[in-house]
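K.L.:
Below are the structure tokens for one structure; questions will follow.
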Amino acid sequence: MDGVGEGVGFGDPKKRQSGDKNLINEEGGNYSDTDSCSSSGVTTSGGIEIFFNEYKAPKKGTVIDHADRTVSYLQKKIRSRTTSPVEEDERGKRGDEYKKKLNFPKYTGENPVKYKSIPTINSTTESKYVDMTDEDIIYAINNSNYTVISLAFVLEKFNANYRDDEGNNYMHYVALKGDPRLLKAFLLYMEKAIMLLTEENNVELNPLDMISQDSEMFKVIQEFSADIEFEEDVVSDNRFRVEMTKKIYADKLKRINKDSKILMALDGGGIRGLCTIQILEAIDKRMTHQLIENIDWIAGTSTGSILSTFFSQGGTIRDAKKLYIKLKNCIFTAQMISSKEHYNATTYESYLKEYLGTGTLADITSKKLIIGTSRYYNKAKIRPVIFRNFTLNDGSKNNNKFRTEKLYDNEEMAYEDPKTAETFKVVRASSAAPTYFSSFCNYVDGGFFYNNPSEILLAEYFRYHHIQALNKGEDVSKATDNLACLISLGTGGLLNDTQADHTEELIRSSSDFYNAAKNVFSYMNGIKIAEALLNSTTLSDGDPVLKTSSWCFSLGVPFFRIQPMYPDLPKLDLLKDDQIIDLMWHTEVLIKSIGYHELEALAKYLDDVIDARNNARLTKNL
């Protein structure tokens, strides 16, 4: 498709597997790499031990002093406006006066409608915007055209060095426009927007000075810089995992060796995979090492299968965000094939071929990849199915003369040949969400059984290593020793769906068993049984997290679960760019508040694990 994949290797899985982790050029500009920042920030070094020496579980009213130097600088700029009424009044006055003088420049482009009106998204839309200029972006700001701003990100059109004759950058005009969602869009899509917020123009006024302290715009900046108070004590599950990690990390780090493995599981959730990408960005930017290239085992279901496969082929996190905006633009807005709720599966499959290639799972060699799906046999039989990019090694090659037992082989242990599984078809089988896409070769969405694939990932890891150990006559306990941690990333869950709620409801209903039973059966008759089954089997939180975390912690293995929580869960197929911005912003606020400490602990722990593993491998090679 014209205009797609401008970054080197973005649309080519073979090129992505080359190992080049800088496939997409940064936004135009002369900022050095050390000046680069993201919406999630880079923390100072010091390791997991220093983190836990300073850690205190946040209470209601806590304000985080962010570790990222750029975010911290923004915090200080914000707080300086509230500590001095004189300074606050002077800045406010100057800002108001300047805004009266500042006007959006007259647009001289050839096609103003293209940048003023929301374009109709289809397979040719991007090609129409490949020549986008700074003037076009300013005009889109003036018209709050979120779609054009998102296309500017996809097409790498942001220019951090843009200045008008008065020295104003993009963010001066965003502040002038006064649209909070537009500000969110730039902070989410443009990596250097945070620095532009505090950059002065020719009259020494920065965009932050132009934003009134009692405005929604200022609230957005406070959320972004983590200059907000916790509305309640930190969630107990988050606190529990962080404190369990504090108890076990030191002993685990002592046992890190050259064969230590890092596991990561990615939930299903449609377009909400953008939330997962936001979280991955946050982790990666907090680390000194690169996250994706150091993951050894990765599992995904539904939208998670797209991401896990993309990353296993060498795709970057930044490219993944672009890919999802492209998918949103050309899949969920595609013309429906009927009056039913199904989207055009043919268009979807063509995109999978384009971005994941037409090779087989066996072609993916950088990581152990596991994809979960479900197969429909008949009305009474739907079973989970696991696809892998690996098989068992031939134990006979170890020449273990002391072994007399029969070797476990691939056929006996149901390890299918990945050379026969086309990658895009496997991902398509895992992402056949009912009511969104038609089933594929009798496969339905993997989320039906494994919407959170962390449990099956852990089971597959141990099963594989235990079989290998038996075949080689080795110690089966090595699998536990070599498991460094398990990371589970969600796409969004519901707030207040707790066991206490269920128990309270049971107690209320138990006072009149007959009426309670009658109400239940009446309810069941009033809904589709299939929908009830689907709701009960697509859980990402609750039991799946409880089982996996308990399994890991009982083995002395750190477990991390990052999940954005919503009062009302967003749809899997959000279409409009304003909805996408709000979705991603909600995750950004989580990253800067409730999820901050678990993300910090995870990033620092991963750096320590990777350092220890690299040292062990270096020593082995000496």
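From the backbone N, Cα and C atoms, a Cβ is placed for every residue, glycine too.
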K.L.:
Match it up for me: which of 25-29, 165-169, 300-304 does TrEMBL list as motif 'GXSXG'?
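P.N.:
Going through 25-29, 165-169, 300-304 one by one, TrEMBL flags 300-304 as motif 'GXSXG'.
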K.L.:
Under the DSSP assignment, what numbers of helix, strand and coil residues are found in the motif 'GXGXXG' (268-273)?
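P.N.:
Tallied per class, the motif 'GXGXXG' (268-273) gives 4 helix, 0 strand, 2 coil.
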K.L.:
Quick one: give me the count of other CB atoms within 10 A of the CB of S302 (active site, nucleophile).
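P.N.:
Counting Cβ neighbours of S302 (active site, nucleophile) within 10 Å gives 32.
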K.L.:
Give, as a single whole number between 0 and 100, the mean pLDDT over the domain 'PNPLA' (264-458).
P.N.:
81
K.L.:
Sort S302 (active site, nucleophile) into helix, strand or coil using the DSSP assignment.
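P.N.:
SS state of S302 (active site, nucleophile) = coil.
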